[in-house]
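Taken verbatim from TrEMBL:
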TRANSMEM  12-31  transmembrane segment
DOMAIN    15-458  domain 'Major facilitator superfamily (MFS) profile'
TRANSMEM  60-83  transmembrane segment
TRANSMEM  95-112  transmembrane segment
TRANSMEM  118-143  transmembrane segment
TRANSMEM  155-174  transmembrane segment
TRANSMEM  186-207  transmembrane segment
TRANSMEM  338-359  transmembrane segment
TRANSMEM  365-392  transmembrane segment
TRANSMEM  404-424  transmembrane segment
TRANSMEM  436-454  transmembrane segment
Amino acid sequence: MQHLQHLTKSQLAVALLASFGSSLLYGYNLAAVNAPAQYIKHFYNETIIESYDWTPDEELLTVLHSLTVAIFAIGGMMGSLMVGTLVTKYGRKGTVVRSTFLVFVGGALMGFSRACRMPAMVIIGRFIAGLHSGISFSVVPMYLSEIAPKNLRGFLGLIPSINICSGVFIAQVLGLHELLGKEEHWPVLLSLVVCPALVQLLLLPWFPESPRYLLIEKGDVQATIEALKWYRTKGNIQAEVEEMQEEQRSLSSIQTLSVWGLLVDPCVRWQVITVVVANIGMQLSGIDAIWFYTNDIFKNAGISDSYIQYTTVGTGAVEVISGMLGCFTIERLGRRPLMIGGFLFMGLCCAGITVSVLLQPHMPFMRYISVGCVVGIIAGFCIGPAGVPFLITAELFKQSHRPAAYTVAGCLNWLSNFTIGFVFPFLEISTGPFCYLIFCAICLGVAGYTFFIVPETKNKTFMEISQMFAAKNKIQKEESTSNGQLTLDLMNGYGTFGHHDDK
């Protein structure tokens, strides 16, 4: 753990706190609707009979439940489109804190829906919860990448992915029949999201804003140094401020770039392509299909219905352990090995599911191979592909491009998530077990792209990473421009402040 020796309590605290009230809720909301699915459909059935005096058929109830599940992704996609505007206006921490209020609104709607006999409250509550997750899903990794020193950016950047896995695991445990998996308790299960959000709202405002945001976008050197002192106990604050100022001078404009401006900027063409490949590949790798249909796979493997919920909880535990393994090894191994290794392993396990399902009629023990492949896909995903794409989205871009890059990454992520949720059942019907070979090809393709195109960004500054892509983008080495930027003069290690115009 030598690479974590400069980790400070304040860095770890803000990473855990920011993730606890956002990333954990994303994972929780993904899994919380699975256990009470039949109870929610029964609630919809009862209220429709009460309100309209007619009995809906099973098809309508299935559509309503599918809408309840899918509306979360629609809210997430809309939330991701707001990220660029929000982080520019309110800052990184400011956006995380303000978006917390959405959780209370969504949680209250879902929590009181059964008492009010209003199914629409569940659907609207899920949409608002998705809106919050869409915002925080992008902003939290951005915030953590900007407060972290370069040698800890990977470790802190993967803490949100651990919290996502933890959220899924907590929802699976609380959804057990012995706990909240009963008909009268499902509104409580859905509304518990307000508890982590309350903790975050009470504590996160006491932490400083991102130093890079304070200096590069707000020009507040004093606040920047105070923030750096808060997050650093050792290290050269002077050098960090100078590195930020070098980045500031390299920007043709301090104004945040629009999404369209990002897409047409030839200077970041390969960075944009990398973000697109990594984030679409992350969702189209088959992980969503596995998450959505784990119970069916376990049922086909011969596991009895009474034990499936416990087996599912076991996969949640594997997620958390795998996420922690990736988090604690990323600064030693780097981003590329976790991405390449994770996608390669997922690809092999996807092929393994196809082979095992085809051989099950002739070799009964292959049913357990398919279960092992499901666990393998989940483990491979959580070790690297679950968190690295959003980490490198921060690392590949400078300050003016970063919000737009996260908007693109978030939108693609949610759109791909939504697409898989709807397309996979039809894909499975038309191609059977061969559908997993499609996911295998995608995983191998992303691993190959990462191997040949994406450089290692471990322990590099944002400026150094930008220069690494200069040759690929066919641009000359960037020269710093002098536009009257704020400069910092050495004085006792921290500096004095002045505004120097270079003539």
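Heads up, the Cβ atoms here are built off N, Cα and C, so glycines get one too.
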_Does the transmembrane segment (186-207) come close to the transmembrane segment (404-424), meaning at least 3 CB pairs under 8 Å for residues 6 or more apart?_
no
Beyond a gap of at least 6 residues from its ends, the CB atoms lying under 8 Å from the transmembrane segment (338-359) belong to 278, 281, 285-287, 297, 300, 326, 329-330, 366-367, 369-370, 372-374, 376-377, 379-381, 383-385, 388-389, 432-434, 436-437, 439-441, 443-444, 446-447, 450-451, 454
For the transmembrane segment (118-143), the distant same-chain contacts (Cβ-Cβ under 8 Å, at least six residues beyond its ends) come to 18-19, 21-23, 25-26, 29, 33, 40, 43-44, 47-48, 64, 67-69, 71-83, 86-87, 92-93, 95-96, 99-100, 102-103, 105-110, 112, 157, 160, 190, 193, 210, 387, 390-391, 393-394, 402-403, 406-407, 409-410, 413-414
Among 60-83, 95-112, 155-174, 186-207, 436-454, the most Cβ pairs under 8 Å with the transmembrane segment (365-392) come from 155-174
Taking contact to mean three or more C-beta pairs under 8 angstroms, with sequence separation of 6 or more, is the transmembrane segment (95-112) in contact with the transmembrane segment (12-31)?
yes
Given the transmembrane segment (12-31), its same-chain partners at Cβ distance under 8 Å and 6+ residues beyond its ends are 72, 93, 96, 99-100, 103, 126, 129-130, 132-133, 136-137, 139-140, 143-144, 147, 156, 159-172, 175, 192-193, 196-197, 199-201, 203-204, 207, 231, 291, 316
